[in-house]
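*Asks:* Below is the structure I would like to discuss, written out as structure tokens.
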Amino acid sequence: MSRFVDKLPFFDRRASPMEEADDIPRSGLLHLHGGHHHYQHHHQPQTALMAPEPSPPTTKQSSSTLAQLLKRVNEARSDASSPNSSPSHYTIELGASMPGSTGSESEHTSLTGVGDGTLLPFVLKFTDLTYSVKQRKKGPCLPALPFRRGDAEPEAPRMKTLLDNISGEAREGEIMAVLGASGSGKSTLIDALANRIRKESLHGSVTLNGESMDNNLLKVISAYVMQDDLLYPMLTVEETLMFSAEFRLPRSLPTKEKKKRVQALIDQLGLRNAANTIIGDEGHRGVSGGERRRVSIGVDIIHDPIVLFLDEPTSGLDSTSAFMVVKVLQRIAQSGSVVVMSIHQPSYRILGLLDRLLFLSRGQTVYYGPPGSLSSFFSDFGKPIHDNENPTEFALDLVRELETMPNGACDLVEHNKSWQKRMGPKMKHADDGNGGKPSLSLQEAISASISRGKLVSGATDGNVTVPSPSSAPASAVAKFANPFWIEMGVLTRRAFLNTKRTPEIFVIRLGAVLITGFILATIFWRLDDSPKGVEERLGFFAIAMSTMFYTCSDALPVFLNERYIFLRETAYNAYRRSSYVLSHTIVGFPSLIVLSLAFAVTTFFAVGLAGGAEGFFFFVAIVLASFWAGSGFATFLSGVVTNVQLGFPVVVSTLAYFLLFSGFFINRDRIPKYWLWFHYASLVKYPYEAVMINEFSDPGRCFVRGVQMFDNTPLSVLPAAIKVRVLRAMSSSLGINIGTATCITTGPDFLKQQAVTDLTKWDCLWITVAWGFLFRILFYISLLLGSRNKRR
């Protein structure tokens, strides 16, 4: 533990970014400066926090319109991007004036619209949030008997209330923490505020600066950090944040600026010492748990969102790591963001970083207010908090005790309502002196935030349009930060990098194909053109083609392992689902080519298949098409099933059915009509028939001559001389000269016997390729339908 603590920047002798945030006022703004880097200490670069620079004097104005504000923003950006200007960088200035304002309080008032007292630009307010779900009734596995007249009417499904008239507000520059025991509704409330619950199911209102938010707008200006750390284990911290920057930051922002943003964020999160360390997992040692959690936060705040939601960001961390995470969140809030988080049981140090607390008990509010009012609140309730006791621990213990009683925490809920009526007006007056009204409209507040460097993904042209009720919300805000081809390129590079750092996966797959090919080559070594050789060829083709599909079942865990990473990234439109599907296809295709060549080289010449060079290349093509269709089938199933335990039985059983109906065990003309559709739906049918046609299509090649017609019959045990006599007797009876060298069955004759006549080998090849495309289209549809991030 001591070794870990010594490495943390928080415990460094010099002032770290986290320590420097302690003595900073709350009204922090994020400015964009040009010129050289500033230093606070001798030889110590100040990458995150800076003292405000004096603004140049300007002519005093009574009011600044939004158009004038955006004009200043664009002029500042054009100056920063000019060749003669010095390079710009983002720094967090706390307590400074906005760009273009004077240092006087009156000019700051004219820009923000503040009268007496400082009003916060962003206020996230939620009123009477109520959410209920149907409670499944526990009963027998068998369905109940039909309802008969005279019986008692069946009970309607019971509803369980997860949120019960929850109200409150969160402000820019503050952290609002939602507390409560497990099952109290903390995560549900965070989901409700983040618009992760369907509107039909959620009752109440959530507004930002008094205006309802369009779903697309909320995705642009906000971020949601899940409870689990969903990261690629083989990427370094810097690479993880850089890929996130390429997804969330617009194409108009140069790569150099994106790298600057990533470096500034690494310093802000206190991850400089771990920047080049992989994330790691159970099999690869990487960063610590606290560092991994901070990386998870960094991935979602790379675009500097205005509203940040976090679901238990300190869960599973030790007290020091948890404190550092919340310290980072405090600095994010002070940079001009609204931070709403759920937390299970904060320590005393973490409590000092929180600004508003919302305690829940079974979906009801038992306390809402600042941490400093907890003592008076519980004293009024008749349960004073003892000295030197953590107020939150006392509150949670009391709530748990009340929940064991018949009335639950109803008395505390009612006490909170009466206490809010008495103390609410005083707290509102202390907060802003204006009854809780936001100082700016939503349009003005977002534009002002962009002007001081916030909301990088929405600031492609210095403005974000807030949809009005009469406008079409779909076209009001750009849904994605980058075009389709940029997303696909970034996804492809990331997937290739992951594949490069896990070569054992491809090596094991290649080894399996080579071993399978070696076994088949040695078993079916140099097959002749006898009837037995024909049967052995059929067995080789059936096993070889089905092996291609079974080998592709290892594509099933590929998406399942990153399924929740995909859900997290697409929940806030980091990239399109179509981009993901195409990049997934591009990355996997080169390995299929190598596997196809390896199997074909191992088996084609050793078995003695026909066709020469043309036949070999067609054999490679049909093996590649089989891999393509098989991997597509496994990929599609990975989008339908939720875990590997369900997926593998489905893949194995389905491929067994495909082999059964392929035509190897029973010919097409012998399959019952009611199962004939499965024969044409079989993936194995088309490559199996393709290699058969490739092998037996030559009419000049004979497979049964003279006495060989008696092979595989009871007459095969007769001596050769007797077989010749029988053959002569048959010749005289039929009036046809049949000698020992007479060709009885050619390749095309054998194809007719096997009912392989309705398609050519090229038809089979293209149909197999089409199957691969079809399954990938179905995979895309499954992602559209199955990756909804909202509760019902």
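Heads up, the Cβ atoms here are built off N, Cα and C, so glycines get one too.
For reference, TrEMBL lists these features for the protein:
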type: COMPBIAS; residues: 33-44; note: compositional bias 'Basic residues'
type: COMPBIAS; residues: 79-88; note: compositional bias 'Low complexity'
type: COMPBIAS; residues: 99-111; note: compositional bias 'Polar residues'
type: DOMAIN; residues: 124-387; note: domain 'ABC transporter'
type: REGION; residues: 26-111; note: region 'Disordered'
type: TRANSMEM; residues: 506-527; note: transmembrane segment
type: TRANSMEM; residues: 539-560; note: transmembrane segment
type: TRANSMEM; residues: 581-610; note: transmembrane segment
type: TRANSMEM; residues: 616-639; note: transmembrane segment
type: TRANSMEM; residues: 646-666; note: transmembrane segment
type: TRANSMEM; residues: 765-786; note: transmembrane segment
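Tell me what's around each of these sites.
*Replies:* The average pLDDT computed for the domain 'ABC transporter' (124-387) is 87.
Residues 499, 533, 536-537, 539-540, 543-544, 547, 551, 554, 591, 594-595, 598-599, 602-603, 606-608 of the same chain lie 6+ residues outside the transmembrane segment (506-527) yet bring a C-beta within less than 8 angstroms of a C-beta in it.
Beyond the ends of the transmembrane segment (539-560), by six or more residues, the same chain brings 505, 509, 512-513, 516, 520, 524, 527, 566, 584, 588, 595, 599, 603, 607, 623, 626-627, 629-631, 633-635, 637-639, 641-644, 647-648, 651-652, 655, 658-659, 662, 664, 683-684, 687-688, 691-692, 695 to within a C-beta distance below 8 angstroms of the stretch.
Residues 544-545, 548-560, 563, 584, 588-589, 592-593, 595-597, 599-600, 604-605, 609, 647, 650-651, 654, 683, 687, 690-691, 694, 761, 764-765, 768-769, 771-776, 778-779, 782-783, 786 of the same chain sit 6 or more residues outside the transmembrane segment (616-639) yet have a Cβ under 8 Å from a Cβ within it.
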